[in-house]
Amino acid sequence: MNSKFADELIATAKAIVAPGKGILAADESTNTIGARFKKINLENNEENRRAYRELLIGTGNGVNEFIGGIILYEETLYQKMADGRLFTDVLREQKIHIGIKVDKGVVPIPGTDGETSTQGLDGLAERCKKYYEAGARFAKWRAVLKIDLAKNCPSQLSITENAHTLARYAAICQENGLVPIVEPEILMDGNHTVEQSAEVTEKVLAAVFKALNDHHILLEGALLKPNMVVNGTDCPIKATSEQIGKFTVRTLQRTVPPALTGVVFLSGGQTEIEATANLNAMNVLPNRPWALSFSYGRALQASVISTWKGESANVEAARKVYLHRAKCNSLAQLGKYTGEESTGSASESLYVKDYKY
């Protein structure tokens with residue numbers, strides 16, 4: 001890859017996952033944030049979405065020691081604080097890198113059992129240019145795969161198709177100065193064991209990195225956003241944090257080149273505390289040539305939203321909750337998280353069946 005942006009891409013990727021730092025994924029689509037607001041009986045309109053994102057973006061108090069990047073939805077990229085400052089300017093002042101979700105959602109692959117491919121390659125180069133000009137320095141694209149061993153899912157067709165589109169997206173991003181976050185999410189839905197999850201995740205990641213190599217992706221200027229290796233939600237045997245850490249790190253060791261700067265895990269419907277504890281379990285293990293960090297949406301925001309409740313009087317209390325969760329995950333990224341009291345919302349299941357983002 002001979003992009004004029006090579007040095008910048010490498011520096012950005014390193015900064016996002018510097019020691020103790022990870023990503024806040026705040027790029028929920030309008031429909032998804034609507035579902036979150038519904039839980040607190042809040043109308044899903046542009047002003048409420050703006051106010052909620054101001055709560056997150058306006059959090060100071062050293063949040064930038066824990067958060068290296070924040071992924072925004074396109075609407076948010078152009079929104080402003082109540083005092084008129086652009087969200088992007090506030091983030092730049094805090095030296096938090098700005099990311100943007102660039103995929104257009106999933107569509108079924110014909111001839112499969114409901115398996116999907118991600119749309120959004122058309123016009124992507126132009127959009128990347130526009131986002132770079134608006135201050136974005138990284139992007140995210142989510143592919144979705146599911147495990148159903150009885151139906152032979154994920155099929156080879158689904159794996160190949162999603163690996164290819166992830167690699168095309170990554171190449172277009174790097175050409176235009178954006179660090180690509182490559183996200184092949186294998187959903188938690190199903191009754192598979194943690195061992196079966198490890199086997200499938202290995203197969204998927206091997207295909208993804210073969211495609212990235214075929215497309216000449218600069219791995220030092222890219223980040224991987226995979227699922228942790230966990231058992232299916234309907235599996236009677238629940239894996240421990242230690243097992244999840246061990247199987248996840250082993251899977252990465254077998255498939256991910258050490259040239260890749262970092263791996264930022266999705267929380268995928270784990271509780272807030274599970275997502276933190278499982279990340280910590282990986283970071284106490286040996287032989288990790290990459291930064292292993294977080295790119296959490298629900299697992300950084302669920303308690304924040306339930307504390308806020310849409311009331312301006314609760315903004316500061318909600319920001320304290322956000323800071324606390326960010327700090328816990330920062331400690332986990334360093335392998336120094338020692339646990340915490342499980343308050344109601346922090347240990348509440350965040351699982352949504354067949355999760356659409």
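Positions of Cβ are set from backbone N, Cα and C atoms, glycine also.
According to Swiss-Prot, the protein carries these features:
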{"type": "ACT_SITE", "residues": "E183", "note": "active site, proton acceptor"}
{"type": "ACT_SITE", "residues": "K225", "note": "active site, schiff-base intermediate with dihydroxyacetone-P"}
{"type": "BINDING", "residues": "R49, K140", "note": "substrate binding site"}
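Listed in sequence order, the residues of the same chain lying 6 or more apart from R49 (substrate binding site) and placing their CB within less than 8 Å of its CB are T30, I33, E75, T76. Taking the Cα atom of each, E183 (active site, proton acceptor) and K225 (active site, schiff-base intermediate with dihydroxyacetone-P) are about 4 angstrom apart. The residue listed as 'active site, schiff-base intermediate with dihydroxyacetone-P' sits 9 Å from K140 (substrate binding site), counting Cα to Cα. Here the recorded positions are K140, K225, and the one whose Cβ sees the fewest other Cβ atoms within 10 Å is K225.
Counting every protein chain shown, 27 other Cβ atoms lie within 10 Å of the Cβ of E183 (active site, proton acceptor).
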